[in-house]
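The block underneath contains the structure these notes are about, expressed in structure tokens.
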Amino acid sequence: MSHIMVNVAWPYANGPRHIGHVAGFGVPSDVYARYQRMKGNDVLMVSGTDEHGTPILVEADKEGVTPQELANRYNRVIANDLCNLGLSYDLFTRTTTKNHEHVVQEMFRQCLANGYIYKGTQKVAISPSTGRTLPDRYIEGECPICHAQGARGDQCDNCGNELDPDELINPVSKINGETPIFEETEHYFLDLPALAEANLAWLKTRKGWRPNVLNFSIGLFKEVKPRAITRDIDWGIPVPVPGWIDNPNKRLYVWFDAVIGYLSASIEWARRSGDPEAWRAWWNDPATPGYYFMGKDNITFHSQIWPSEMLAYNGEGSKGGEPGELGRLDLPEQVVASEFMTMEGKKFSSSRGIVIYVKDILSRYPVDAVRYYISAAGPESSDSDFTWAEFVRQNNEVLAASWGNLVNRVANLIAKNFGQIPPIVEEKMTDEDRALLAQSSAAFDTVGALIEQHRQKSALNDAMSLVGDINKYISATEPWKIKDDPERLGTVLHVAAQAVSDANHLLAPFLPHSSQKVWEALGGEGTFSPLPHIEEVNDLDDPEFTYPVITGKYVLGENVHPWKSEPIVVGAPVVKPTPIFAKIPPEAVDEELARFDADLKARREAEQARLDAEKAKLAAGEE
């Protein structure tokens, strides 16, 4: 058994998550974690809501609530959505816990002690109308590198480069359209140039990465400069140095603290499990691989910023140093970044109304239909487009007509003719029977190898190819025509049921909810594919602060089945099954498109009204 770390990108708690988000970080990470558990490995899968930074402050101001109140609301919304999607976290927590604050401040102090954090000055954007610091991502302009319009003050989505707001050409505020002014202010900086050689050397040893991810990551080191890791803001983690720790208007930059969440969540999990040091098996052992799942817009922070923070903490940059009390931290084994998913040909944008939220699609359609679509048509290695027509087609033609119908056919024939799993009569076996069983057994190696390589689309295709071959076997053997040879009939149905069971094991990481139904349809008892649940907990260091976490029990041999062919149980009762998957009415496509158009129009009108109101306030102030 090996320890496997599965770190999942932290959704930002300024609104609900949409399908584009979970296509990048959610379903792929869960498929991988479930597979590794079935392989017998000890998986620790963590994440949480990212709750600091100026965007939450700005949104809270709009709504007339505190940042903590806004974060509390969306922490709960996001946790419920991801739990309902079946993402099997060992712990899904949040960044506003005292535990997270302590770990972040320990990281900062040791990086400072090792000489990789220093004090300097930087220009910051100020709103002329309010005098307040403007969030980097709320400033837009022309990218100075690729000259794309709409680049943000923290990053250009077109070329992927990190930016500072004062680097933008013709910058304007997204909040009210005014031109910001820039002032020098004191900040702490992470000395990325002093860490670049070690970071790049680590990158060049990476194997098995998606070429686009590795090439982009290496390209980040063509020109490396220090990055400010503090902000002029009153919402975030206090800066743990004298003269700053009590300053209400200086806080750590959200991206410095958010990536440390993987470590702090692991420590919180260990503390809640009753063994406070258990996390070290995943973080202080070089033999333990860590896999990070995200969308491609987060590559920079996971292949440059977070590794640099760990190298600085470890004392492994050009200035030397030594690790702090957390010990030497293991750098990522692999950054598994997906491309972007669009919606009906348009880029997902919550603010522009181009969106389908997780909670909305799950309220209307089965969860495994959503998971299947993301796995089969998601943006694994190239951009993909979510369309309602393709979503309905995948559900109806693949899940319902092929896989679901196969399970129902086999279970129905067994229930009708035997009422229980019949035995194999060796003398009645044919080469065709043996070939199918050999194929379904061998599929564990081929499908598993593809999941190991993070080629989940290919893995799913191979599993569904087996489903197609089982359907062909049923059609070729025609068990409904075997009237006078019960031993041959029983053998055929046993072979078919065993192959279906094997296919169900292969599909379990992708379709955990329906795999339980298939297991039961073939006479299986107990839990086949465990699901996560929500628990209400108290902050470990501030008992007055309560919040929901996603967690679960996933134990091989108890509620996790192995990644291999398990013999079905002869004599297990089988009754007439209910359909595993229901078809979606074709008219749902037009209904969803009409709903999308109506929502898009309403959101655009609301955003325009808000912007007009802001401009009116500015105009009134100038008169």
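The backbone N, Cα and C atoms fix where each Cβ goes, and this holds for glycine too.
In Swiss-Prot, the motif ''HIGH' region' annotation falls on 11-21 of the listed ranges 11-21, 88-98, 484-494. Residue ranges 72-76, 152-156, 162-166, 347-351 are listed, and Swiss-Prot annotates 347-351 among them as motif ''KMSKS' region'. Nonlocal intrachain contacts for the motif ''KMSKS' region' (347-351), taken as residues 6+ away from its ends with a CB within less than 8 angstroms of a stretch CB, comprise 15-16, 18-20, 340-341, 603, 607.
Straight-line distance linking the Cα atoms of C146 (Zn(2+) binding site) and S350 (ATP binding site), rounded to a whole number, equals 25 Å.
Note on the motif ''HIGH' region' (11-21): mean pLDDT across this stretch is 94. Annotation for C143 (Zn(2+) binding site): spatial neighbours Q149, A151, C156, N158, C159, N161, L163, L168, I169, criterion Cβ-Cβ under 8 Å with sequence separation of six or more. Taking each of the binding-site residues C146, C156, C159 in turn and counting other Cβ atoms within 10 Å of its Cβ gives the largest count for C156. Residue counts of the motif ''HIGH' region' (11-21) by helix, strand and coil are 3 helix, 2 strand, 6 coil (DSSP-based). Of all Cβ atoms in the shown protein chains, 16 besides its own fall within 10 Å of the Cβ of S350 (ATP binding site). Taking the mean position of the Cβ atoms of C143, C146, C156, C159 as the Zn(2+) site, the remaining residues of that chain whose Cβ falls within 8 Å of it are P144, I145, H147, A148, A151, D157, N158, G160, N161, L163.
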